[in-house]
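So that you can see what the record holds, here are the features copied from TrEMBL:
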DOMAIN    10-779  domain 'Myosin motor'
BINDING   111, 112, 113, 114, 115, 116, 117, 118  ATP binding site
REGION    593-636  region 'Disordered'
COMPBIAS  626-636  compositional bias 'Basic and acidic residues'
REGION    657-679  region 'Actin-binding'
REGION    831-855  region 'Disordered'
């Protein structure tokens with residue numbers, strides 16, 4: 001690693017001013033570091049700036065990962081080597097903080113599309129899993145968590161013009177840990193899945209990766225069984241974008257990796273076969289064509305029929321339904337209008353839209369089922385884990401030549417994430433209020449936030465009161481464009497003839513034409529919004545329909561109740577499927593929708609007991625009381641929201657993000673901001689103008705100034721004296737002095753600056769490096785004490801007249817289960833070395849047996865019988881074996897990890 005000491009944007013600050021550093025100075029430093037193959041730059045201890053290198057880097061390998069784990073956590077020696085900023089380092093810091101404080105951690109990944117967020121998420125997981133894995137059982141779980149990323153990328157990523165493999169969904173993933181920092185599991189929450197990509201990938205892009213892998217990786221025998229023994233261009237959903245091959249992606253290898261990952265994650269061979277069969281079915285659905293039915297008598301002008309019945313029959317057999325019933329569900333549509341159930345006869349255009357809706361629904365429900373299946377296998381379900389580290393990987397800000405409802409949703413979500421970061425960093429968050437009350441002066445400067453844009457989107461913040469008979473956005477207290485869209489959706493669903501996308505646009509322009517965040521579009525059928533990351537113009541085509549996200553009730557009845565394909569029918573019985581029945585006949589489904597919210601909730605907010613007990617933060621009780629009132633009102637509104645089974649996509653997205661922010665607000669936050677250096681994905685290009693626009697949008701100069709006054713931890717004076725009693729004693733500080741005076745003496749002797757340790761009215765606030773040095777001293781003393789022998793491991797009762805500090809100084813015991821740690825520390829916070837041994841290590845587990853169990857053989861009999869709704873292709877996957885892990889020793893691997 002090159003010795004470049006300009007590793008933190010804090011070096012650009014003017015010590016005599018609170019003004020943020022200039023965009024030019026930040027861009028120049030980032031450019032210099034990028035040319036030296038150093039894509040990571042700190043902005044304080046909890047912020048990291050990443051410039052996407054678009055190439056393989058030697059600093060991304062297993063050996064480097066281990067060196068950061070050793071330097072940042074495992075090794076307690078002094079005079080540690082100089083280390084450059086790295087994503088491995090930030091992951092280690094988060095893990096260290098969790099272990100030493102018992103506080104949950106959250107990491108937010110920000111950046112426009114194509115900036116490298118998903119890659120960073122993978123590196124974060126690798127480091128966190130490396131730190132928390134020690135037994136065979138945990139190693140197996142680690143492999144499952146890593147392989148789950150391969151599965152999600154195959155089914156949830158697609159090639160775009162700005163990204164070789166862009167995530168088309170948002171994800172919040174919680175790594176779950178025991179009291180000893182051992183990995184227990186992972187909970188994956190996905191939301192806002194862009195299913196439109198299944199049927200309408202834009203030109204020069206691709207639909208989801210798994211379709212191309214399926215065609216490239218299956219054998220001729222398998223392709224014949226699935227009826228996909230045709231060139232990819234033969235399938236409408238793949239040919240529409242004019243892009244099949246991507247030089248950076250080997251679809252054949254990707255398919256082999258996918259099969260191996262599915263097996264590692266515990267998917268049975270028969271289930272894998274059914275998944276692939278459903279993918280093939282979706283491709284065939286896209287090839288169904290329609291024509292006017294000239295045999296329909298008086299309905300000749302309205303009805304249509306399937307033109308290529310051979311394809312219809314292939315699809316029907318694969319879905320396990322009657323061809324005639326399938327055709328009816330594609331050419332007719334039930335709709336509830338003013339409490340009357342009406343049958344609509346679809347023309348060829350309407351039937352084509354209905355066909356595509358079926359394909360999107362099948363893929364979406366499959367994706368949801370895969371995510372929940374992964375959760376079932378690797379999420380810790382035996383009570384609440386002791387801690388979690390959450391990673392929010394938000395799909396990037398998007399602005400293409402043509403933007404529609406999907407881009408509107410993505411950018412709305414990014415606005416909400418940006419608002420959350422601003423609130424936590426600059427506004428009256430719990431931490432900021434505690435610092436101010438204790439006498440810390442935060443930097444004072446003028447900044448531009450995104451309040452105006454959010455007011456345009458959802459209105460000003462309101463009290464969330466419970467209302468009856470209201471649309472859901474009103475129940476949630478929303479206003480703005482989202483409320484107007486929901487209102488028009490409700491009218492459209494009720495059959496109002498004037499509830500159209502064109503009229504929605506007119507209403508928006510009339511209501512918000514003069515709003516500062518509203519931008520008039522040069523296109524007649526579009527409107528613009530001035531987002532925090534730039535102006536985007538949205539065409540309103542299908543806005544109302546996509547926001548409603550209705551699923552034809554006929555599809556649910558056909559596939560859930562009348563399919564002989566057990567796999568498909570089970571997909572439509574999941575909890576993510578919301579339905580409403582006819583008021584007069586509960587057996588008749590009149591509305592159906594597949595939820596875009598996660599199937600699981602994020603971890604519940606847990607109050608930090610220590611923080612509430614501190615005098616300096618006593619005022620927080622009042623703040624939390626007001627917040628509790630607000631949350632109670634929102635919960636009541638959500639009750640209304642939940643009572644209506646079918647809701648809009650925007651309302652679901654709003655509530656999903658609210659739940660995530662509510663969870664993350666009670667954790668220690670880290671920000672990783674990703675910068676896309678150019679629009680050509682070139683490793684040698686640094687477009688300063690493009691970079692500065694992103695620095696401005698993500699408030700990097702302002703975040704840097706705020707980071708100049710930030711501390712990793714804080715203690716009351718009494719807490720500090722008790723916790724670091726050895727240090728206080730070794731410095732020969734008079735114990736008769738007041739606790740505040742003792743803390744002042746420690747700071748003076750240690751020669752800490754105010755930025756390293758601030759002594760407030762009631763607390764001492766300590767910067768990360770100094771705090772870690774103190775904690776490593778405690779860990780080293782703990783390690784030495786354990787090494788003395790069995791006697792030192794036995795707890796000695798504390799005499800009732802001893803304080804915690806006196807007990808520690810008396811040398812009669814360890815502060816593990818008594819004194820300070822009982823009140824202020826997490827369970828087993830001192831047992832760092834204990835994480836290297838576990839009772840699980842001694843348990844003999846059957847690691848050799850197949851995870852798939854006994855499966856039927858693939859043979860000529862199966863081929864002769866043809867394919868069907870429950871066909872078995874076990875041979876397709878049986879030759880991929882889960883890697884066995886006989887040893888958990890970490891072996892450095894010098895092979896370069898691929899960034900992209």
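Using the three backbone atoms N, Cα and C, a Cβ is placed for every residue, glycine included.
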Task: Long-range Cβ neighbours of the region 'Actin-binding' (657-679) (under 8 Å; 6 or more residues past either end) - done: 30, 34, 46-52, 54, 87, 90, 93-94, 97-98, 101, 103-112, 114-117, 120, 162, 172, 189, 390, 392, 413, 416-417, 420-421, 424-425, 429-430, 601-608, 631, 634, 685-687, 690-691, 694-695, 698, 700, 703
Task: 111, 112, 113, 114, 115, 116, 117, 118 excluded, remaining Cβ within 8 Å of their centroid (ATP) - done: 52, 163, 396, 674, 676
Task: Residue with minimal Cβ packing [other Cβ atoms within 10 Å] among the binding-site residues 111, 114, 116 - done: 114
Task: Residues satisfying Cβ distance under 8 Å from residue 112 (ATP binding site), sequence separation of at least 6 - done: 396, 397, 398, 533, 674, 676, 694
TODO: Ten-angstrom check, please: count other Cβ atoms within 10 Å of the Cβ of residue 117 (ATP binding site), all chains counted.
DONE: 29
Task: Number of helical, extended and coil residues in the region 'Actin-binding' (657-679), per DSSP - done: 8 helix, 8 strand, 7 coil
- [ ] Specify the count of other C-beta atoms within 10 Å of the C-beta of residue 115 (ATP binding site).
- [x] 24
